[in-house]
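Presented below is the structure to which this report refers.
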């Protein structure tokens, strides 16, 4: 047998341009997750910044004593706002239980100082009048729905089982006596 070799020349069309285009498309597909991740992180940061600014604005606006911001909760008519609380100072007089019911009907409670702080400071703003507060003596002096009283309260008689406040501090009184009262409501 004779040794015969056949040679052929293979001519391929120039395809580097096609390969370059496919490489770019492949790179674009591979880089898309990085871009979407970057976009999500950027949007997340923007959201956090905007929420922080809104909270800061609310604190500045709503935290002021005499806030007039339209989006801040306001006190009902005839109530006085101080910080995040509304206070109602009655003009009429009722016994302690009727005063307690009045406040409850208004979604509030008789004024209390559960941490026993602020009694003296609050009393300085009151005149000569006595006001019922959420304090009574049932097995010891206790704030309504709260802890025991750790302050001194003036009392003259065993029938004085309800607490009142005036400019000189706390005073015990008979619960049937008609006094003005102070309700306290939390705004937010």
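The backbone N, Cα and C atoms fix where each Cβ goes, and this holds for glycine too.
The disulfide bond annotation in Swiss-Prot covers 75-86 (among others), and the record cites experimental evidence as its basis. For residue 75 (disulfide bond), the number of other Cβ atoms no farther than 10 Å from its own Cβ, over all displayed protein chains, is 15. Under the DSSP three-state reduction, residue 75 (disulfide bond) is assigned to coil, being neither helix nor strand.
Spatially close to residue 103 (disulfide bond) yet at least six residues away along the chain are 88, 109, 110, 181, 183, 184, judged by Cβ distances under 8 angstroms. For 103-183 (among others), the entry in Swiss-Prot reads disulfide bond, with the evidence type experimental evidence.
Less than 8 angstroms from the CB of residue 162 (disulfide bond) sit 96, 132, 135, 136, 137, 172, 173, 174, 175, each of them six or more residues away in the same chain. Marked as disulfide bond by Swiss-Prot: 162-175 (among others).
For 82-184, the entry in Swiss-Prot reads domain 'C-type lectin', with the evidence type sequence analysis.
The 10 Å shell around the Cβ of residue 82 (N-linked glycosylation site) contains 13 further Cβ atoms across the protein chains shown. Taken from Swiss-Prot, the feature N-linked glycosylation site covers 82 (among others).
Annotation source Swiss-Prot lists N-linked glycosylation site at 97 (among others), citing sequence analysis. Classification of residue 97 (N-linked glycosylation site) by DSSP places it within a helix.
Annotation comment: Swiss-Prot describes 5-10 as motif 'ITIM motif'. Within the model, the motif 'ITIM motif' (5-10) carries an average pLDDT of 68.
Sequence annotations record features per position, and here Swiss-Prot assigns topological domain 'Cytoplasmic' to 1-33 based on sequence analysis.
As annotated by Swiss-Prot, topological domain 'Extracellular' applies to 57-188. With helix defined as DSSP H, G or I and strand as E or B, the topological domain 'Extracellular' (57-188) counts 21 helix, 41 strand, 70 coil.
If you look up Swiss-Prot, you'll see 34-56 marked as transmembrane segment, on the strength of sequence analysis.
Tertiary proximity for the transmembrane segment (34-56), restricted to same-chain residues at least six positions away from its ends with a CB under 8 Å from its CB atoms, involves no residues.
Long-range C-beta contacts of residue 86 (disulfide bond), restricted to its own chain and to partners at least six residues apart, with a cutoff below 8 Å, comprise 75, 76, 79, 80, 108, 184, 185, 187.
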